[in-house]
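Annotated signal peptide per TrEMBL: 1-23, in sequence order. The domain 'Plant heme peroxidase family profile' annotation in TrEMBL covers 32-333. The site 'Transition state stabilizer' feature in TrEMBL is assigned to 69. Look at TrEMBL and you will find 73 tagged as active site, proton acceptor. Look at TrEMBL and you will find 74, 77, 79, 81, 83, 95 tagged as Ca(2+) 1 binding site. The feature substrate binding site is assigned by TrEMBL to 170.
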């Protein structure tokens, strides 16, 4: 744990020397987010998040990828407002039940642990939405990726959107154009799509998310020809035609717990696990060039990933008097 925490502290100390302010206009709102939001109201907030994420990583190497995914799936539905954390209650139907999240989204208990610690330190001050944004940054850093200043000041929603979760989050089997359209709806572009997909350098996916590539990609009973046949043979050993839906596979088989650019190198070798990964190299000339750039230049990938994460974190947050600061992340305050 001490080693992991030292990595975080060293990386985050570098951005503290930056001469400019990441005061960012939030996409879709009139509010501003800025990294110093809690400097006076809860000065230890970032330190608390970092410490608990570091401890969790020591116990569960999968957790950083899970936290990154939570932030992504939160921001793509109603903006970065922690709606993904809400349980079903009253009129709320939880986004945890959606196809993209059911049986796969995880890390909820850790977010509650962070929230509890922050409530002890500074009650009703730090939002669950900001916890998700900070935890995503810290998860990237602790696995060897880039750091960035996280603009803060989001507030938490009082509702969720099951339909939004089902419809707005890109799916593994979506076409390139469908995925790009879903990104553009959020104010993100093709560069953001490719760089943010690079988060698949860590984490796992289930057999059910890529089975069609192994057996029936186009409905003709044949495998996906853009998947290395040698790699496909290995995958079939634990992902049969039926059964084994929940069997887990590394998204980046080369360095599955290290945030690096091997994900892009895999795509060039036609060893992207998901269809939504490989099509970045096979279906669009501009995205293909970006894949090649990031495969050759990890620094370029890291720089763009940090920029795109800040941009994604600015999607339609609730600010000012909108929303609330939940006391418990899984339910709205009036549910007490």
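Including glycine, each Cβ sits where the backbone N, Cα and C put it.
Automated prediction, rather than curation, is the source of TrEMBL annotations.
Cα separation, residue 81 (Ca(2+) 1 binding site) to the residue listed as 'active site, proton acceptor', rounded: 11 Å. For the Ca(2+) 1 site, the Cβ centre of 74, 77, 79, 81, 83, 95 serves as reference, and the other residues of the chain with Cβ at most 8 Å from it are 73, 75, 76, 78, 80, 82, 84, 157, 160, 161, 164, 165. Residue 83 (Ca(2+) 1 binding site) sits 9 Å from residue 73 (active site, proton acceptor), taking the CA atoms of both as reference points. Here residue 69 (site 'Transition state stabilizer') comes close to 105, 107, 199, 203: these same-chain residues lie at least six apart in sequence, with C-beta atoms under 8 angstroms from its C-beta. All protein chains included, residue 74 (Ca(2+) 1 binding site) registers 30 other Cβ atoms within 10 Å of its own Cβ. Neighbour list (residue 95 (Ca(2+) 1 binding site), Cβ cut-off 8 Å, at least 6 residues apart, same chain): 73, 77, 83, 84, 86, 101, 160, 161, 162, 164, 165. Each residue contributes its Cα atom, and for residue 74 (Ca(2+) 1 binding site) and residue 170 (substrate binding site) these two points are 12 Å apart. Around the Cβ of residue 81 (Ca(2+) 1 binding site), the number of neighbouring Cβ atoms within 10 Å comes to 28. Among the listed binding-site residues, namely 79, 170, the Cβ with the most fellow Cβ atoms inside 10 Å is that of 79. The distance from the Cα of residue 79 (Ca(2+) 1 binding site) to the Cα of the residue listed as 'substrate binding site' comes to 15 Å.
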